[in-house]
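J.: The feature Cu cation A binding site is assigned by TrEMBL to HIS175, HIS193, HIS202. According to TrEMBL, the Cu cation B binding site annotation covers HIS324, HIS328, HIS359. Sequence annotations record features per position, and here TrEMBL assigns disulfide bond to CYS94-CYS110, CYS109-CYS176. Residues annotated as domain 'Tyrosinase copper-binding' in TrEMBL: 193-210, 352-363.
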Amino acid sequence: TTLPLCNNKSLSSSFTTNNSSFLSKPSQLFLHGRRNQSFKVSCNANNNVGEHDKNLDAVDRRNVLLGLGGLYGAANLAPLASASPIPPPDLKSCGVAHVKEGVDVSYSCCPPVPDDIDSVPYYKFPSMTKLRIRPPAHAADEEYVAKYQLATSRMRELDKDSFDPLGFKQQANIHCAYCNGAYKVGGKELQVHFSWLFFPFHRWYLYFYERILGSLINDPTFALPYWNWDHPKGMRIPPMFDREGSSLYDDKRNQNHRNGTIIDLGHFGKEVDTPQLQIMTNNLTLMYRQMVTNAPCPSQFFGAAYPLGTEPSPGQGTIENIPHTPVHIWTGDKPRQKNGENMGNFYSAGLDPLFYCHHANVDRMWDEWKLIGGKRRDLSNKDWLNSEFFFYDENRNPYRVKVRDSLDSKKMGFSYAPMPTPWRNFKPIRKTTAGIVNTASIAPVTKVFPLAKLDRAISFSITRPASSRTTQEKNEQEEILTFKKIAYDDTQYVRFDVFLNVDKTVNADELDKAEFAGSYTSLPHVHGNNTNHATSVTFTVAITELLEDIGLEDEDTIAVTLVPKVGGEGVSIESVEIKLEDC
């Protein structure tokens, strides 16, 4: 049940695409019909780094700056003076992943290393005749469920060879290695969460996982289901994942959240004593805030910039924040598992098949967000577009992939079966207060911050950079409420809510109020070189639409209230400001 740690021994096994002894016959026909090549995998960390494949289509500024030297060796050089894209990780220096401070993952999360690591090619999409259509999980028929169960069973069978990159545990380890400190680039930990890498990394991850499943049942049209938690009909664990004995079932889930329990998209470990209808209403409110109000611009949706040489986890985007993280925590077995396994911790999340269904809907939000219009578009920054990852395809061939090739799901060969998005018309209009709070009776921001701990609800007044802005001015610049240097223990769950124009007596369990601005959340994770696990991040909330809805556009000073939900006693905030930013 565990994988041995890679030391200096080369693996004795090699994978050959036309001679596999551990796949069932139906899978062999599909897996091996197109290629006839082999490669060896190794855990040898002492191989010299040679020159990599100079793919002319993929030469970027970073390669030029590094003189087109060994790509994977270059990742461990000192940080460049100027910004550049994040490279794929150096597999040969992959190390121990960490659950939390002083606790290592008990097995290696590192993938098998191909002998020709320095000449791994860039991935090219295979030809296709039909899109893979990802269905909503709650509406899947029994024929589909049977195929999905069979594919997952066959993937689990591949775990008999612990170094098979197509095995279920090896696939789960991808998330562990990229997210729990096993990789370093530019001398710093590589982290694909809490930044602009979140969406493209997980899209590529699911792309290959989906193709592997399809290959194992000889069905190139097989598509992963999506957990439709943004629609009331999908706000529960999909039935196909809640059948004990099925390959899709995971015992390490919160048993209180089974059998049709309505999910709380703002969940952070504490159950809310709220009627189901209010929970669903809160969910739709959260979706509207995260997809519309708080994400008018690409930087808010995707997360903060993360070029090579900068510190990891600079800041998460709206959907990564909520609902992505609360769904992980709500599903994980925190009542029985010390670290919230499986879904409630990065290192173990991929061990639950529901993880991939959850992230399929997260990925669907990328497409849905762009359909809303306005300035909602993909980032154009070259450091984002040219960032890279490493994956194995369904034929066990290693590849490098770029962010720029993941922007169009249909070009990647998949799309989503349409479902209504009721949250798009769920702008909260009911107000908590009839008028405008007297800001003169509230302490100014300079008297409240720096804040040593957010152990109770606090209110403060803050001056805006401009009031009574014209429509043109609003279209050109978004008004952003910014919380600087939020510090907390990154091994703990954290959530606090933000409200405008209310005092600290606000009922924070009812989010369908016009004054609710948004929430900050964090899932336990680990910085491998951060021994005290103190994270410091910036959190932003777009408030232009909110000010209009509440009637505060002409106010020079507004009231802000923070309500801690989980972990507030360990949260400190250095300062808060409102600024105008180009969209």
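In case you wondered, yes, glycine gets a Cβ from its N, Cα and C as well.
Keep in mind that what you see is a predicted model, and the values were worked out from it rather than measured.
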J.: Distance check, please: Cα of HIS359 (Cu cation B binding site) against Cα of HIS175 (Cu cation A binding site), rounded to an integer number of angstrom.
T.: 12
J.: What are the other residues, in sequence order, whose C-beta lies within 8 angstroms of the center of the C-beta atoms of HIS324, HIS328, HIS359 at the Cu cation B site?
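T.: Filtered neighbour residues, in order: HIS202, GLU320, PRO323, THR325, VAL327, ALA349, PHE355, HIS358, VAL362.
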J.: If we count other C-beta atoms within 10 Å, could you say which of the disulfide-bonded residues CYS109, CYS110 has the fewest?
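T.: Checked CYS109, CYS110; of these disulfide-bonded residues, fewest Cβ neighbours within 10 Å: CYS110.
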J.: Write out, in the order they occur in the sequence, the residues of the chain not among HIS175, HIS193, HIS202 that have a C-beta within 8 Å of the mean position of the C-beta atoms of the recorded Cu cation A site.
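T.: Nearby residues not in the site list: TYR178, CYS179, VAL192, PHE198, PHE201, TYR205, PHE346, ALA349, HIS359.
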J.: Across all protein chains in the structure, which of the disulfide-bonded residues CYS94, CYS176 has the highest Cβ count within 10 Å?
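T.: By the 10 Å Cβ neighbour count, CYS176 comes out on top.
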J.: Can you grab the distance from HIS193 (Cu cation A binding site) over to CYS176 (disulfide bond)? Cα atoms, rounded to a whole Å.
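T.: CYS176 (disulfide bond) has its Cα 12 Å from the Cα of HIS193 (Cu cation A binding site).
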J.: Measure from the Cβ of HIS328 (Cu cation B binding site) and count the other Cβ atoms within 10 Å, all protein chains considered.
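T.: Here the count is 25.
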J.: May I have the DSSP-based helix, strand and coil counts for the residues of the domain 'Tyrosinase copper-binding' (352-363)?
T.: 10 helix, 0 strand, 2 coil
J.: Where DSSP helix means H, G or I and strand means E or B, what are the helix, strand and coil counts for the domain 'Tyrosinase copper-binding' (193-210)?
T.: 13 helix, 0 strand, 5 coil
